[in-house]
Structure formats: C-alpha cells, structure tokens
C-alpha cells in the first residue's frame, strides 16, 4: 500500500514538473517574441531618426551651393547670406533692447526671479514648472544674457577634480523631457557645491519642455557656475532647432518676444563648452572622436565661431563674392570663421558614434561625424594620457552602454525617448579611483503600467506608422524599383526582390524580410503583392490635379524646405515673395537633383499665392501636405 501510494505521488509530481517546464518554455518563447518585436521597433525608430539627421546634415552642402548661386542671382539681397553665414553681434546692441523694455505686469502669476540668483530661485523655478507655469520673457532673456556673460569667460574644455572624496553626476541627452530631469533631481539631489553635475548636451528639441529644461539648467549654472557644467550637443544649434521643435516651442510659448529669445539663444549656444575633462583621465563629450581628433586644436579654437554645424566655413572666393554683393561694408572676415580643419574637429566631437569594427570611417547613418573603432579610441586616449570617453548622443535600451573594452561609455537620460516604454534613462556617478556607477529609471505614466504586450503593441504600431510614411514619400521610386523586377507585369515579385528594392530606395538598413508581414501582403507561394504596401496610406493633396511626383517630393523634403524658407523669411513675417520661392526652388531642384519641371513650379507658385499679392505663406502651404492612415489605433490590423 505504502509503495503504491508513493509511486502515484511520484508520477503526479513528474506531471506537475513537466507541466511547469512546458509553461516555462512557452513563457520564455513568448517573452523572446515580444523582445524581438521590441527590437525591430527600436531599429525602425533609430534608423529613421538617423536618416532624418542625415538629411539635416545634407543641408550643409546645399547652403554652400546656395552661397555660390543665390548671391549671383540676388545681388540686392544680402540679408539672407548675412543670416546664414555671419555671426550675430549682440554686443553691439544695448541689452536694454532685449530685457529693459519688456515689463513684467502685476497680473503675471508665474515665478519671479531675483538677481543675483540663489538656490531659492532654483526651487522656485522647479515648483513653477511642476505646475506648468511659464517663465516670463523678461526673466528668460535676463537668464540668457547672464549665462552668456559667464560662458564667454570659460575655456573650451572645463576641467574638474573629484579628488580626494568628491562625487560627480553625468547626465546624457534630455531632449525636452522635463519629467526625466525632475526624476533625476528627486533621486540624486539638486545641484550644489556638494553635488556637482555635468549635463552632456542635447538639452532641447523633440520633447515639449525644452525651454523649461534650459531655464532650470542655466539658472542652476548661474547659482553654481563651478559645480554645474554644460557641454554643447549637436542640438544646441539654431538650425537643428528649426527642424526638431525647439524654435516652434519658443514661438508658441513667447508669441510676443519669441524672436528676441531665439536671437540671443543662437549666440549663447556658440559659447557653450565643447567638453569636460574629469581628473585629467575622463573625457566627456557629446558625440565621439575620430582618428584626427586633436585636443590641442580643440582647446585653442574659438568655439563661438561655430554658429551651426550646418554652416560650413566660407572659401575666400565665397567671402569676396558676398562682400562684392553687399551694399555696405562687411562685418565678417575669414579670420572670424573657423578653418575647415577646426570645423571638422567640432563636427566629429558632436556627431560621431562608436562601433565594434576597427578603424575610422564616415558616419553614413547620420551624415556627419564618423564611426570610430576600439583602435581609434585607444590611440586618442593614449595620445592625450586619458583613460576613458563618456559620451551621449545615442538612445540605448538600458539608458547606458559600455564598449571598446570599457574605454567608451554611452549615457542617455531621456527615458521613453521614441515611445512609452521604449527605453530607460540613466545617469552616471563618478568618484576618484572607483568604477562608474550607473543609475537607471523610467518615467511612468498610466500607459507604462500596462502589460508588456500592450506596450510592445503601442511601440510597434508607432514604428510601423512612421515607416509607412517614409514609404509613401518614395512611392513613385519604390513602384519603379518593384516594376523593374516584375518582368511579367504580374504585380508580384519575390520577397528577396521586394526587400532589395526597399533597401535600395529607402536606405534604412532594416531587416526587411522580418518586417514584411507588417508592410505587404504575400500569396500562398510567398510572392509579394508590392502595391499592397500602399493600401492603407496616402498623402493628402493640397490642390487638385497636382502630380504625384511633385506631391511626394514636397512631402519628402517638407522639413528641409521649411528650414530654407524660414531662413529666407528674414523679417519673420511668415511670407516669402513669388520670385524668392521660384529662385530657391530651382536651386533646391538643381542641388538635390529633383526632377520637377519649371512649369510645374511656376503653376504651383501661382496657386500658392491665393490672394494674388505676390507673397506666399509657405509654412501654411506645407502643413497642407499630410499623410492619411486608414488605421489609427494600436488595435488596427497592422498589429494583428
């Protein structure tokens, strides 16, 4: 009896164990599938982000092209070239023009700063921003002017000592995400003499609270100028702000004085230090290095000459051409520009990314800077008697990443960067003679508390949504590529042919075969119905009878065109003349090799001038180009 009972219990236990193992294996496979989907979604987000930055960097070559051509065709208009290539000279203007003439009314119920600033003002600002109050333009401008005054006295690289017992915190990109900064201060404490910080660039753009972050950092810097350190990132650049949102944010929050704020901010960026060196061992820079990185050159160049990474130095011929066409004497000379070598040194510092492959080669994803391998890291560190590079610039799923045998650390402080739940944020604490300590976090909201599969669904939905927008902007080119391989005109090609066509046209370096089930229909034999790629999406036409190639071109380059025409609009009226539109479009057409007939452009310009006054509201026109999705929720067939 006893033995039989024991045998039954043993068999029952075996069944329980087997069932538990089956459930465990199923759950592991389930988590692996979710992890793969999350990985693909992040790959899409990052590829498109870098492709956009590549497009932004390509504007640099267009501006050089424009400099050669626009000044020849519009000799009477020197304001545009001045705006693009000449440094702002705020010193020649009375500060009272910006600050003194702006009164703070009694009705203003936001924070009132008292200069000279103290720790109380930092707290006041934090509490006000938590309550979604807006700092008055008078105080914003005063903070910008005061910060500029101190920044101008600082070297290109700030040097910090943690020896013997000091700790310092290093934060990466924040990108306008105020909740992340608040969480860092909550977990790690506010800046002070005993709690120093380095903020490693990219404070602004993308998020909705770039101004609030900038004001908190600058006010903290003014209170603790030797304990809070600010490095310039690639987004501390007025041209980047035009594309990625900070300019728009300022003009919306400060409708009356936004233009003044932008002008002062444009110059303040140029005075931000380009790096920090800790204990003569650790180099903290925003992007990275290259095999030609020379700290001697970087420490001696005049950083304020770098107005924008998109504004390359003028050649002597270009400078002479501008002077010849200007009505008055030129205030800018070649000596007031960076040399090409100096400009490239800063580009590498702000834009480069580490890779596992040895060597140094062009950063084709971003279009600026380089990829640098572990051998390059060792060479630059050894040459300068340094031990480590801490950089930011790249979103990492865990908020940080260590590579190059521990000699390069990436730290990224904006959690949920692409989408809720897409990544953690992190910061680093350093003290002398010890290994870096990493602290991770993630700002939580109602959606972040959802089950993992719902968060992955939401990420995946957003990722494929923006990928489809990329596809529709190249619809004509994609169809031509598909039809080139569809010799029998069946409307179908192989999966390999479809994947090759997608990569050759879009150039996003994505695993197209793995993504195909979300993007296209296949038959039982595995052949791809390539036109199904566009079944659930189209670009809205702002005008009837507009040709598809023109629609796609305008949509594809809408961000670039918006930047270009905002620069042409020197008086910020929102209007440009018909002649300016035609001339600039033809230059754009020639440089980007866009095949649009001049007759189409003339017709387009005439249609855009709705009231026939010779002016065009170009920003309003661009807003008329938008993509229509048939499915707008994560529960759509896209995710089933």
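Placement of Cβ uses the backbone N, Cα and C atoms for every residue, glycine included.
Source: prediction; values computed, not measured.
Binding of Mn(2+) 2 is annotated in Swiss-Prot for 234, 286, 393; the matching candidate from 180, 202, 348 at the same site is 202.
Around the Cβ of residue 569 (Ca(2+) 1 binding site), a 10 Å sphere holds 18 further Cβ atoms from the protein chains shown.
In the three-state DSSP scheme, residue 573 (Ca(2+) 1 binding site) is classed as coil. With respect to Cβ neighbours within 10 Å, the binding-site residues 173, 202, 580 differ, and 580 shows the lowest count. Residue 580 (Ca(2+) 1 binding site) sits 33 Å from residue 202 (Mn(2+) 1 binding site), taking the C-alpha atoms as the reference points. According to DSSP, residue 173 (Mn(2+) 1 binding site) sits within a strand segment. Counting only same-chain residues at least 6 apart in sequence, those with a Cβ under 8 Å from the Cβ of residue 175 (Mn(2+) 1 binding site) are 202, 203, 204, 205, 206, 207, 210, 235, 414, 417.
Across the structure, residue 569 (Ca(2+) 1 binding site) and residue 173 (Mn(2+) 1 binding site) are spaced 31 Å apart at their Cα atoms.
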